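Quick look at what TrEMBL annotates:
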- 20-36: transmembrane segment (TRANSMEM)
- 25-242: domain 'Ammonium transporter AmtB-like' (DOMAIN)
- 57-78: transmembrane segment (TRANSMEM)
- 115-137: transmembrane segment (TRANSMEM)
- 144-165: transmembrane segment (TRANSMEM)
- 185-203: transmembrane segment (TRANSMEM)
- 224-247: transmembrane segment (TRANSMEM)
Amino acid sequence: MSPEELMAVINVVADTAMEGYYWWATAIMIAIHAGFMMYEMGASRAKNVMHTGVKNILAFAFTIPAFFVVGWWAYWAYQSGNIFIPDWNHEFAQYYIPWGDQGGMGPNHQDGASGIFFAAFTLFAMTTASIVSGSVIERIKMSGWLISVTIFGGFIWIVGAGWGWSTGGWLVVDWGFRDVCAAGVVHMAAGFFALGLLVNLGPRQGRFNADGSTNEVAGHSGPMAAAGLMVIILGFFGFLGGCLIYPSSMAGTSADLGWINIYGI
């Protein structure tokens, strides 16, 4: 076997291992959302438990299609400019439009990386949505929640990811921003969006009396809430693993370069 043939075999093995690694990381990330749902259901009063659980499940059903149609394209399109004058590059991002001529999001056996990274980013989108979900327990109607989570999970947060995660993002290029393991973008975007919702929604019904005194609004199951937190910790192993770039030819790295993060360091 020639050196060239040996290198080709090594690349095939590395690419196959990369696909398996990211699919497992993505699958483990689902535990985050199971944990959030358990925590929220435990923190809800018994009469609202089913509403809370269905709210989390429907977030999946609405956020994933929205991210497929708009969000993945927005990540690649909205990277340059700044917060006051955003710029977008449709030509660069059109590969990731589901109905685009180049078909980057369709069946493509020659490009295994795009689908894998789309799946990982979809679970990142669901994580941001789950963080927001926990803030509106027993505060929001189902219709309002579905509209909010579709807009936020499908578009708003990913623009911040394009600014702060990609090597061409203006926060990275102009300010030297480094968001290791996606901590800043996900939690800041979700936190500020949740704050905006809560300013408009106000406290839970029954939390305050007419004279301003407060009532305790206790969840119906502390053990379920505690178990949910442990499941979230398990899911973050997949979340943190998905933030690493596996050394392979499909990821644009060589096996001798080793593991890097999204900033190439």
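The backbone N, Cα and C atoms fix where each Cβ goes, glycine too.
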Most Cβ pairs under 8 Å with the transmembrane segment (57-78), selected from 115-137, 144-165, 224-247: 144-165
Overall pLDDT for the domain 'Ammonium transporter AmtB-like' (25-242), taken as the rounded mean: 84
